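In TrEMBL this protein carries:
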type: ACT_SITE; residues: 317; note: active site, proton donor
type: DOMAIN; residues: 20-140; note: domain 'Beta-hexosaminidase bacterial type N-terminal'
type: DOMAIN; residues: 145-481; note: domain 'Glycoside hydrolase family 20 catalytic'
(Lines of atoms letter the chains of each structure in order from A and count residues from 1; the text may use other names and numbers.)
(Lines give C-alpha, C1' and ligand atoms only; values in the text may rest on other atoms or scores of the structure.)
Protein backbone atom coordinates (compact mmCIF):
# COMPACT_ATOMS: atom_id res chain seq x y z
CA UNK A 1 0.00 0.00 0.00
CA UNK A 2 1.29 3.44 -0.96
CA UNK A 3 -0.66 6.25 0.72
CA UNK A 4 0.09 9.73 -0.63
CA UNK A 5 -1.18 12.85 1.05
CA UNK A 6 -0.75 16.50 0.26
CA UNK A 7 2.41 16.99 2.27
CA UNK A 8 6.13 17.20 1.36
CA UNK A 9 7.64 13.82 0.70
CA UNK A 10 4.43 12.00 -0.17
CA UNK A 11 2.22 14.03 -2.54
CA UNK A 12 4.98 13.82 -5.13
CA UNK A 13 4.81 10.02 -4.98
CA UNK A 14 1.20 10.06 -6.13
CA UNK A 15 2.04 12.53 -8.88
CA UNK A 16 4.84 10.28 -10.15
CA UNK A 17 2.82 7.07 -10.21
CA UNK A 18 -0.63 8.24 -11.29
CA UNK A 19 0.60 11.32 -13.20
CA UNK A 20 -2.60 13.25 -12.50
CA UNK A 21 -2.93 16.99 -13.10
CA UNK A 22 -3.73 18.47 -10.68
CA UNK A 23 -2.40 16.03 -8.08
CA UNK A 24 -5.02 14.63 -5.67
CA UNK A 25 -5.18 15.34 -1.95
CA UNK A 26 -5.13 11.77 -0.62
CA UNK A 27 -4.23 8.67 -2.62
CA UNK A 28 -4.23 5.04 -1.53
CA UNK A 29 -2.82 2.98 -4.38
CA UNK A 30 -3.48 -0.76 -4.57
CA UNK A 31 -1.69 -3.28 -6.78
CA UNK A 32 -3.53 -4.30 -9.90
CA UNK A 33 -5.98 -2.88 -12.40
CA UNK A 34 -9.48 -3.39 -13.73
CA UNK A 35 -10.92 -3.47 -17.26
CA UNK A 36 -14.33 -1.94 -17.82
CA UNK A 37 -16.92 -4.31 -19.29
CA UNK A 38 -18.12 -3.55 -22.81
CA UNK A 39 -21.68 -3.30 -21.47
CA UNK A 40 -21.48 -0.89 -18.56
CA UNK A 41 -24.08 -0.58 -15.82
CA UNK A 42 -24.41 2.76 -14.01
CA UNK A 43 -26.13 3.24 -10.66
CA UNK A 44 -27.16 6.77 -9.73
CA UNK A 45 -29.90 9.37 -9.83
CA UNK A 46 -30.54 11.76 -12.72
CA UNK A 47 -28.00 14.31 -11.45
CA UNK A 48 -25.36 11.60 -11.16
CA UNK A 49 -26.05 10.30 -14.66
CA UNK A 50 -25.73 13.81 -16.07
CA UNK A 51 -22.41 14.29 -14.28
CA UNK A 52 -20.93 11.06 -15.63
CA UNK A 53 -21.95 11.63 -19.26
CA UNK A 54 -18.54 13.02 -20.36
CA UNK A 55 -16.95 9.72 -19.30
CA UNK A 56 -19.60 7.66 -21.05
CA UNK A 57 -19.31 9.68 -24.27
CA UNK A 58 -15.54 9.27 -24.26
CA UNK A 59 -15.73 5.51 -23.70
CA UNK A 60 -18.33 5.10 -26.44
CA UNK A 61 -16.45 7.31 -28.89
CA UNK A 62 -13.20 5.39 -28.52
CA UNK A 63 -14.98 2.02 -28.65
CA UNK A 64 -14.02 0.91 -25.15
CA UNK A 65 -17.67 0.19 -24.33
CA UNK A 66 -20.45 -0.80 -26.67
CA UNK A 67 -23.31 0.42 -24.52
CA UNK A 68 -24.26 1.58 -21.06
CA UNK A 69 -27.47 1.43 -19.07
CA UNK A 70 -28.81 2.37 -15.67
CA UNK A 71 -28.80 -0.51 -13.22
CA UNK A 72 -29.65 -1.14 -9.58
CA UNK A 73 -26.24 -2.69 -8.97
CA UNK A 74 -24.05 -1.32 -11.73
CA UNK A 75 -20.30 -1.65 -12.21
CA UNK A 76 -20.11 2.12 -11.65
CA UNK A 77 -22.00 3.71 -8.75
CA UNK A 78 -22.33 7.49 -8.54
CA UNK A 79 -23.60 8.99 -5.30
CA UNK A 80 -24.46 12.67 -4.90
CA UNK A 81 -24.00 13.62 -1.25
CA UNK A 82 -23.23 16.56 1.00
CA UNK A 83 -19.44 16.50 0.84
CA UNK A 84 -17.79 19.92 0.62
CA UNK A 85 -18.83 21.83 -2.48
CA UNK A 86 -16.16 20.51 -4.88
CA UNK A 87 -14.82 17.51 -2.95
CA UNK A 88 -15.15 13.95 -4.20
CA UNK A 89 -14.22 10.43 -3.19
CA UNK A 90 -13.26 7.80 -5.77
CA UNK A 91 -12.65 4.10 -5.21
CA UNK A 92 -11.69 1.75 -8.04
CA UNK A 93 -11.75 -1.93 -7.07
CA UNK A 94 -11.31 -4.97 -9.27
CA UNK A 95 -15.08 -5.46 -9.50
CA UNK A 96 -16.62 -1.97 -9.19
CA UNK A 97 -16.09 1.78 -9.20
CA UNK A 98 -17.58 4.04 -6.52
CA UNK A 99 -17.64 7.82 -7.00
CA UNK A 100 -19.30 10.14 -4.49
CA UNK A 101 -19.43 13.83 -3.77
CA UNK A 102 -21.46 16.94 -4.41
CA UNK A 103 -22.70 17.56 -7.94
CA UNK A 104 -19.62 19.64 -8.74
CA UNK A 105 -17.35 17.27 -6.85
CA UNK A 106 -18.56 14.27 -8.82
CA UNK A 107 -17.83 16.16 -12.04
CA UNK A 108 -14.24 16.59 -10.86
CA UNK A 109 -14.12 12.89 -10.04
CA UNK A 110 -15.23 12.09 -13.58
CA UNK A 111 -12.30 14.14 -14.90
CA UNK A 112 -9.98 12.12 -12.66
CA UNK A 113 -11.40 8.91 -14.14
CA UNK A 114 -10.79 10.25 -17.64
CA UNK A 115 -7.18 11.07 -16.77
CA UNK A 116 -6.61 7.61 -15.23
CA UNK A 117 -7.64 5.90 -18.47
CA UNK A 118 -4.98 5.07 -21.06
CA UNK A 119 -4.56 8.23 -23.14
CA UNK A 120 -5.67 6.32 -26.26
CA UNK A 121 -9.14 6.07 -24.71
CA UNK A 122 -9.44 9.84 -25.14
CA UNK A 123 -9.09 9.49 -28.92
CA UNK A 124 -12.31 8.77 -30.84
CA UNK A 125 -12.19 5.54 -32.82
CA UNK A 126 -9.01 4.27 -31.20
CA UNK A 127 -10.52 0.98 -30.07
CA UNK A 128 -8.47 1.19 -26.87
CA UNK A 129 -9.34 -0.93 -23.85
CA UNK A 130 -10.53 0.97 -20.79
CA UNK A 131 -8.13 -0.18 -18.07
CA UNK A 132 -7.99 1.63 -14.75
CA UNK A 133 -5.62 1.25 -11.78
CA UNK A 134 -7.13 0.06 -8.51
CA UNK A 135 -6.93 3.05 -6.22
CA UNK A 136 -8.79 5.13 -3.64
CA UNK A 137 -8.72 8.93 -3.91
CA UNK A 138 -10.14 11.61 -1.63
CA UNK A 139 -9.75 15.01 -3.21
CA UNK A 140 -10.75 18.65 -2.81
CA UNK A 141 -9.42 21.96 -4.12
CA UNK A 142 -7.28 24.39 -2.18
CA UNK A 143 -8.97 27.42 -3.78
CA UNK A 144 -12.60 27.97 -4.70
CA UNK A 145 -11.79 30.24 -7.67
CA UNK A 146 -9.57 28.63 -10.30
CA UNK A 147 -9.84 30.42 -13.58
CA UNK A 148 -8.63 31.46 -16.99
CA UNK A 149 -9.17 34.78 -18.75
CA UNK A 150 -9.67 34.64 -22.51
CA UNK A 151 -9.34 37.95 -24.34
CA UNK A 152 -11.83 37.89 -27.21
CA UNK A 153 -11.67 41.68 -27.69
CA UNK A 154 -8.23 41.93 -29.34
CA UNK A 155 -9.05 38.97 -31.58
CA UNK A 156 -12.54 37.55 -31.91
CA UNK A 157 -12.76 33.82 -31.20
CA UNK A 158 -15.71 31.63 -32.28
CA UNK A 159 -18.06 30.23 -29.66
CA UNK A 160 -17.20 26.73 -30.86
CA UNK A 161 -13.64 27.24 -29.65
CA UNK A 162 -14.78 28.80 -26.38
CA UNK A 163 -16.65 25.55 -25.78
CA UNK A 164 -13.37 23.71 -26.27
CA UNK A 165 -11.81 26.04 -23.70
CA UNK A 166 -14.56 25.06 -21.27
CA UNK A 167 -13.65 21.40 -21.87
CA UNK A 168 -9.99 22.25 -21.22
CA UNK A 169 -10.88 23.98 -17.98
CA UNK A 170 -12.99 21.07 -16.75
CA UNK A 171 -10.21 18.62 -17.66
CA UNK A 172 -7.79 20.63 -15.47
CA UNK A 173 -10.39 21.06 -12.68
CA UNK A 174 -10.52 24.81 -13.28
CA UNK A 175 -13.94 26.33 -12.71
CA UNK A 176 -14.01 29.91 -14.06
CA UNK A 177 -13.96 31.16 -17.66
CA UNK A 178 -13.37 34.92 -17.50
CA UNK A 179 -14.37 36.51 -20.82
CA UNK A 180 -12.68 39.84 -21.57
CA UNK A 181 -15.38 41.06 -23.95
CA UNK A 182 -14.38 44.68 -24.59
CA UNK A 183 -11.26 46.72 -25.17
CA UNK A 184 -9.81 49.52 -27.30
CA UNK A 185 -9.49 47.17 -30.28
CA UNK A 186 -12.97 45.66 -30.30
CA UNK A 187 -16.35 45.34 -28.56
CA UNK A 188 -17.88 41.85 -28.67
CA UNK A 189 -20.82 42.12 -26.22
CA UNK A 190 -24.22 42.80 -27.85
CA UNK A 191 -26.14 45.65 -26.19
CA UNK A 192 -29.63 46.27 -27.56
CA UNK A 193 -29.78 49.80 -26.14
CA UNK A 194 -26.56 50.76 -27.94
CA UNK A 195 -26.37 48.75 -31.17
CA UNK A 196 -23.42 50.72 -32.58
CA UNK A 197 -21.19 49.13 -29.95
CA UNK A 198 -21.09 46.08 -32.21
CA UNK A 199 -21.98 47.53 -35.61
CA UNK A 200 -19.17 50.10 -35.28
CA UNK A 201 -17.09 49.16 -32.25
CA UNK A 202 -16.58 45.50 -33.14
CA UNK A 203 -14.53 46.16 -36.28
CA UNK A 204 -11.10 47.70 -36.87
CA UNK A 205 -9.62 48.49 -40.24
CA UNK A 206 -6.30 46.64 -39.70
CA UNK A 207 -4.10 45.21 -36.96
CA UNK A 208 -0.55 45.74 -35.77
CA UNK A 209 1.25 42.53 -36.73
CA UNK A 210 4.82 43.13 -35.55
CA UNK A 211 6.17 43.63 -32.04
CA UNK A 212 4.68 46.53 -30.08
CA UNK A 213 5.40 49.37 -30.32
CA UNK A 214 5.81 49.26 -34.07
CA UNK A 215 4.37 50.27 -37.43
CA UNK A 216 3.94 46.94 -39.22
CA UNK A 217 0.26 46.34 -39.99
CA UNK A 218 -1.49 43.48 -41.75
CA UNK A 219 -3.78 45.66 -43.90
CA UNK A 220 -6.79 43.43 -43.16
CA UNK A 221 -9.99 44.40 -41.36
CA UNK A 222 -10.84 42.37 -38.28
CA UNK A 223 -14.17 42.10 -36.50
CA UNK A 224 -16.79 39.95 -34.91
CA UNK A 225 -19.41 40.06 -32.18
CA UNK A 226 -21.48 37.49 -30.34
CA UNK A 227 -25.23 37.26 -30.16
CA UNK A 228 -26.95 37.03 -26.81
CA UNK A 229 -28.19 33.58 -27.77
CA UNK A 230 -24.62 32.39 -28.41
CA UNK A 231 -23.44 33.71 -25.06
CA UNK A 232 -26.37 32.22 -23.15
CA UNK A 233 -25.70 28.89 -24.83
CA UNK A 234 -22.04 29.09 -23.80
CA UNK A 235 -23.04 29.83 -20.21
CA UNK A 236 -25.33 26.77 -20.15
CA UNK A 237 -22.69 24.56 -21.77
CA UNK A 238 -20.14 25.65 -19.17
CA UNK A 239 -22.55 25.19 -16.26
CA UNK A 240 -23.11 21.56 -17.27
CA UNK A 241 -19.34 21.05 -16.93
CA UNK A 242 -18.93 22.82 -13.62
CA UNK A 243 -17.51 26.02 -15.11
CA UNK A 244 -18.81 29.53 -14.37
CA UNK A 245 -18.56 32.17 -17.12
CA UNK A 246 -17.67 35.61 -15.74
CA UNK A 247 -18.01 38.57 -18.15
CA UNK A 248 -15.78 41.63 -18.14
CA UNK A 249 -16.64 45.10 -19.46
CA UNK A 250 -13.35 47.00 -19.09
CA UNK A 251 -13.70 50.66 -18.05
CA UNK A 252 -13.10 53.61 -17.70
CA UNK A 253 -9.95 53.05 -19.78
CA UNK A 254 -9.70 50.53 -22.61
CA UNK A 255 -12.90 52.05 -24.04
CA UNK A 256 -11.77 53.38 -27.45
CA UNK A 257 -13.99 50.91 -29.33
CA UNK A 258 -17.01 52.13 -27.35
CA UNK A 259 -16.10 55.79 -27.84
CA UNK A 260 -15.66 55.22 -31.57
CA UNK A 261 -19.30 54.09 -31.63
CA UNK A 262 -20.60 56.78 -29.24
CA UNK A 263 -18.23 59.79 -29.34
CA UNK A 264 -20.31 61.63 -26.73
CA UNK A 265 -18.95 59.19 -24.13
CA UNK A 266 -15.36 60.29 -24.68
CA UNK A 267 -13.31 62.82 -22.73
CA UNK A 268 -11.61 64.32 -25.81
CA UNK A 269 -13.28 66.31 -28.57
CA UNK A 270 -11.72 64.51 -31.54
CA UNK A 271 -13.56 61.49 -33.02
CA UNK A 272 -11.83 58.15 -32.58
CA UNK A 273 -11.50 55.00 -34.64
CA UNK A 274 -11.33 51.52 -33.15
CA UNK A 275 -7.69 51.14 -32.17
CA UNK A 276 -5.40 49.16 -34.49
CA UNK A 277 -2.33 49.13 -32.21
CA UNK A 278 -1.58 47.66 -28.81
CA UNK A 279 -0.68 49.30 -25.53
CA UNK A 280 -2.43 51.87 -23.35
CA UNK A 281 -4.58 54.58 -24.94
CA UNK A 282 -4.91 57.94 -23.19
CA UNK A 283 -8.52 58.20 -24.41
CA UNK A 284 -10.99 57.34 -21.64
CA UNK A 285 -14.69 57.89 -21.00
CA UNK A 286 -16.06 61.02 -19.36
CA UNK A 287 -17.94 61.35 -16.07
CA UNK A 288 -21.14 62.99 -17.33
CA UNK A 289 -24.33 61.66 -15.71
CA UNK A 290 -25.67 60.45 -19.05
CA UNK A 291 -22.46 58.47 -19.67
CA UNK A 292 -22.66 56.85 -16.25
CA UNK A 293 -26.30 55.99 -16.95
CA UNK A 294 -25.27 54.40 -20.26
CA UNK A 295 -22.73 52.25 -18.42
CA UNK A 296 -25.42 51.13 -15.99
CA UNK A 297 -27.63 50.16 -18.92
CA UNK A 298 -24.79 48.17 -20.48
CA UNK A 299 -24.23 46.31 -17.23
CA UNK A 300 -27.95 45.58 -16.97
CA UNK A 301 -27.85 43.83 -20.33
CA UNK A 302 -24.68 41.98 -19.35
CA UNK A 303 -26.41 40.70 -16.22
CA UNK A 304 -29.39 39.61 -18.30
CA UNK A 305 -27.13 37.31 -20.34
CA UNK A 306 -24.68 36.08 -17.71
CA UNK A 307 -26.04 34.53 -14.52
CA UNK A 308 -22.67 34.57 -12.76
CA UNK A 309 -22.76 36.11 -9.26
CA UNK A 310 -19.66 38.06 -10.36
CA UNK A 311 -19.31 40.85 -12.93
CA UNK A 312 -15.86 42.25 -13.79
CA UNK A 313 -15.73 45.98 -14.58
CA UNK A 314 -12.02 46.40 -15.31
CA UNK A 315 -10.29 49.43 -13.85
CA UNK A 316 -6.77 48.81 -15.16
CA UNK A 317 -4.47 51.22 -16.96
CA UNK A 318 -6.49 54.44 -16.70
CA UNK A 319 -4.51 57.51 -17.85
CA UNK A 320 -5.95 60.71 -16.37
CA UNK A 321 -4.64 63.21 -18.95
CA UNK A 322 -8.06 64.09 -20.39
CA UNK A 323 -9.64 64.28 -16.95
CA UNK A 324 -6.95 66.68 -15.75
CA UNK A 325 -8.02 69.25 -18.35
CA UNK A 326 -11.77 68.66 -18.00
CA UNK A 327 -13.98 71.33 -16.46
CA UNK A 328 -16.61 68.65 -15.80
CA UNK A 329 -14.10 66.61 -13.81
CA UNK A 330 -12.97 69.68 -11.87
CA UNK A 331 -16.60 70.40 -10.97
CA UNK A 332 -17.14 66.77 -9.93
CA UNK A 333 -14.04 66.81 -7.72
CA UNK A 334 -15.19 69.98 -5.97
CA UNK A 335 -18.74 68.69 -5.52
CA UNK A 336 -17.68 65.25 -4.21
CA UNK A 337 -14.69 66.44 -2.18
CA UNK A 338 -12.21 64.49 -4.31
CA UNK A 339 -8.68 65.77 -3.78
CA UNK A 340 -6.67 63.53 -6.13
CA UNK A 341 -7.37 63.05 -9.83
CA UNK A 342 -6.83 59.29 -9.58
CA UNK A 343 -9.75 59.07 -7.15
CA UNK A 344 -12.10 60.22 -9.92
CA UNK A 345 -11.76 56.67 -11.19
CA UNK A 346 -12.68 55.39 -7.74
CA UNK A 347 -15.77 57.61 -7.69
CA UNK A 348 -16.88 56.49 -11.16
CA UNK A 349 -16.36 52.81 -10.48
CA UNK A 350 -18.15 53.09 -7.14
CA UNK A 351 -21.29 54.26 -8.98
CA UNK A 352 -21.20 51.03 -10.98
CA UNK A 353 -20.20 48.91 -8.00
CA UNK A 354 -23.30 50.08 -6.13
CA UNK A 355 -25.44 49.37 -9.19
CA UNK A 356 -24.13 45.81 -9.42
CA UNK A 357 -24.49 45.21 -5.69
CA UNK A 358 -28.10 46.43 -5.79
CA UNK A 359 -28.71 43.74 -8.42
CA UNK A 360 -27.21 41.08 -6.16
CA UNK A 361 -23.91 40.76 -8.01
CA UNK A 362 -20.34 40.96 -6.71
CA UNK A 363 -18.13 43.40 -8.64
CA UNK A 364 -14.55 42.53 -9.58
CA UNK A 365 -11.87 45.09 -10.52
CA UNK A 366 -8.21 45.05 -11.50
CA UNK A 367 -5.75 45.98 -8.77
CA UNK A 368 -5.19 49.59 -9.93
CA UNK A 369 -8.67 50.34 -8.64
CA UNK A 370 -7.33 49.80 -5.12
CA UNK A 371 -5.02 52.80 -5.67
CA UNK A 372 -8.05 54.74 -6.93
CA UNK A 373 -9.84 54.24 -3.62
CA UNK A 374 -12.33 51.47 -4.38
CA UNK A 375 -14.10 49.99 -1.33
CA UNK A 376 -12.95 46.79 0.33
CA UNK A 377 -16.29 45.11 -0.40
CA UNK A 378 -15.12 44.72 -4.01
CA UNK A 379 -13.19 41.68 -5.22
CA UNK A 380 -9.79 42.54 -6.69
CA UNK A 381 -7.86 40.74 -9.40
CA UNK A 382 -4.17 41.39 -8.83
CA UNK A 383 -1.99 41.29 -11.92
CA UNK A 384 0.82 43.85 -11.81
CA UNK A 385 3.08 41.95 -9.43
CA UNK A 386 3.02 39.54 -6.49
CA UNK A 387 3.46 42.63 -4.31
CA UNK A 388 0.28 44.20 -5.73
CA UNK A 389 -1.57 40.97 -4.98
CA UNK A 390 -0.26 40.97 -1.42
CA UNK A 391 -1.25 44.65 -1.03
CA UNK A 392 -4.83 43.98 -2.14
CA UNK A 393 -5.08 41.12 0.35
CA UNK A 394 -3.60 43.28 3.11
CA UNK A 395 -6.13 46.03 2.34
CA UNK A 396 -8.94 43.58 3.06
CA UNK A 397 -10.11 42.78 -0.47
CA UNK A 398 -11.07 39.27 -1.53
CA UNK A 399 -8.27 38.80 -4.07
CA UNK A 400 -7.70 36.70 -7.18
CA UNK A 401 -4.01 36.15 -7.92
CA UNK A 402 -3.08 36.64 -11.60
CA UNK A 403 0.62 37.61 -11.59
CA UNK A 404 1.61 38.68 -15.10
CA UNK A 405 5.20 37.53 -14.70
CA UNK A 406 4.06 33.95 -14.18
CA UNK A 407 0.53 33.47 -15.48
CA UNK A 408 0.10 35.73 -18.51
CA UNK A 409 0.14 32.92 -21.03
CA UNK A 410 0.22 35.27 -24.02
CA UNK A 411 3.91 35.73 -23.24
CA UNK A 412 6.12 33.44 -25.31
CA UNK A 413 7.54 30.38 -23.61
CA UNK A 414 11.06 31.54 -24.50
CA UNK A 415 12.66 34.38 -26.46
CA UNK A 416 13.97 31.91 -29.04
CA UNK A 417 13.52 32.71 -32.72
CA UNK A 418 11.44 29.59 -33.29
CA UNK A 419 8.73 30.67 -30.84
CA UNK A 420 5.52 32.20 -32.19
CA UNK A 421 5.30 35.92 -31.59
CA UNK A 422 4.09 36.77 -28.09
CA UNK A 423 3.27 40.05 -26.41
CA UNK A 424 6.34 40.03 -24.17
CA UNK A 425 8.89 39.70 -26.99
CA UNK A 426 9.32 43.45 -27.46
CA UNK A 427 9.88 43.74 -23.71
CA UNK A 428 12.25 40.73 -23.57
CA UNK A 429 9.75 38.92 -21.34
CA UNK A 430 9.06 35.20 -21.61
CA UNK A 431 7.24 32.77 -19.31
CA UNK A 432 8.36 29.15 -19.37
CA UNK A 433 6.45 26.21 -17.94
CA UNK A 434 8.85 26.26 -15.00
CA UNK A 435 8.23 29.98 -14.45
CA UNK A 436 4.47 29.39 -14.48
CA UNK A 437 4.88 26.60 -11.94
CA UNK A 438 7.16 28.70 -9.73
CA UNK A 439 4.42 31.04 -8.50
CA UNK A 440 2.99 30.16 -5.11
CA UNK A 441 -0.49 31.53 -4.47
CA UNK A 442 -0.68 33.38 -1.13
CA UNK A 443 -2.53 31.51 1.60
CA UNK A 444 -5.05 34.33 2.04
CA UNK A 445 -5.91 34.63 -1.65
CA UNK A 446 -9.51 33.94 -2.65
CA UNK A 447 -8.56 32.46 -5.98
CA UNK A 448 -6.08 32.12 -8.81
CA UNK A 449 -6.44 32.86 -12.50
CA UNK A 450 -4.23 32.76 -15.58
CA UNK A 451 -4.79 35.04 -18.57
CA UNK A 452 -4.47 34.72 -22.33
CA UNK A 453 -4.40 38.21 -23.80
CA UNK A 454 -4.89 38.06 -27.55
CA UNK A 455 -2.83 40.82 -29.14
CA UNK A 456 -0.87 38.16 -31.02
CA UNK A 457 -3.31 35.27 -30.66
CA UNK A 458 -5.31 35.22 -33.87
CA UNK A 459 -6.53 31.63 -34.07
CA UNK A 460 -7.81 28.88 -31.78
CA UNK A 461 -4.79 26.73 -32.64
CA UNK A 462 -2.35 29.46 -31.59
CA UNK A 463 -4.39 30.05 -28.43
CA UNK A 464 -4.26 26.37 -27.50
CA UNK A 465 -0.52 26.31 -28.17
CA UNK A 466 -0.02 29.23 -25.79
CA UNK A 467 -2.20 27.67 -23.09
CA UNK A 468 -0.89 24.12 -23.01
CA UNK A 469 0.90 22.78 -21.06
CA UNK A 470 1.40 25.93 -18.95
CA UNK A 471 -2.26 25.76 -17.91
CA UNK A 472 -1.39 22.50 -16.17
CA UNK A 473 1.02 24.38 -13.90
CA UNK A 474 -1.71 26.88 -13.02
CA UNK A 475 -4.13 24.05 -12.26
CA UNK A 476 -1.63 22.32 -9.99
CA UNK A 477 -1.01 25.45 -7.92
CA UNK A 478 -4.69 26.45 -7.76
CA UNK A 479 -6.07 23.02 -6.87
CA UNK A 480 -3.29 21.17 -5.09
CA UNK A 481 -1.12 23.91 -3.61
CA UNK A 482 2.61 24.25 -3.30
CA UNK A 483 3.98 20.85 -2.30
CA UNK A 484 5.49 19.50 -5.52
CA UNK A 485 8.83 20.61 -6.90
CA UNK A 486 9.10 21.22 -10.63
CA UNK A 487 11.06 18.00 -11.15
CA UNK A 488 8.34 16.08 -9.32
CA UNK A 489 5.68 17.76 -11.47
CA UNK A 490 7.31 17.01 -14.84
CA UNK A 491 6.25 13.34 -15.14
CA UNK A 492 2.63 14.43 -14.80
CA UNK A 493 3.12 17.06 -17.50
CA UNK A 494 4.57 14.47 -19.86
CA UNK A 495 1.54 12.25 -19.27
CA UNK A 496 -0.72 15.27 -19.76
CA UNK A 497 0.89 15.97 -23.14
CA UNK A 498 -0.13 12.48 -24.27
CA UNK A 499 -3.69 13.26 -23.19
CA UNK A 500 -3.66 16.57 -25.10
CA UNK A 501 -2.48 14.70 -28.19
CA UNK A 502 -5.29 12.17 -27.89
CA UNK A 503 -7.86 14.92 -27.36
CA UNK A 504 -6.62 16.80 -30.43
CA UNK A 505 -5.60 19.92 -28.50
CA UNK A 506 -2.71 21.90 -29.96
CA UNK A 507 0.10 22.29 -27.44
CA UNK A 508 3.74 23.22 -27.14
CA UNK A 509 6.11 20.26 -26.80
CA UNK A 510 8.45 20.41 -23.83
CA UNK A 511 11.49 20.50 -26.11
CA UNK A 512 10.31 23.49 -28.12
CA UNK A 513 7.81 24.63 -30.72
CA UNK A 514 9.47 23.36 -33.90
CA UNK A 515 9.76 25.10 -37.27
CA UNK A 516 6.05 25.32 -38.14
CA UNK A 517 5.67 27.96 -35.41
CA UNK A 518 8.61 30.11 -36.58
CA UNK A 519 8.02 33.85 -36.49
CA UNK A 520 8.83 34.06 -40.20
CA UNK A 521 5.90 31.81 -41.08
CA UNK A 522 3.67 33.68 -38.68
CA UNK A 523 4.48 37.03 -40.29
CA UNK A 524 3.63 35.54 -43.67
CA UNK A 525 0.12 34.90 -42.41
CA UNK A 526 0.13 31.19 -41.61
CA UNK A 527 -1.36 32.01 -38.24
CA UNK A 528 -4.40 33.85 -39.66
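Just so you know, glycine gets a Cβ as well, placed from its N, Cα and C.
Across the domain 'Beta-hexosaminidase bacterial type N-terminal' (20-140), mean pLDDT in this model comes to 94. For residue 317 (active site, proton donor), the Cβ neighbour count at a 10 Å cut-off comes to 16, with all displayed protein chains included. Residue counts for the domain 'Beta-hexosaminidase bacterial type N-terminal' (20-140) under DSSP, helix first, then strand, then coil, are 35 helix, 43 strand, 43 coil.
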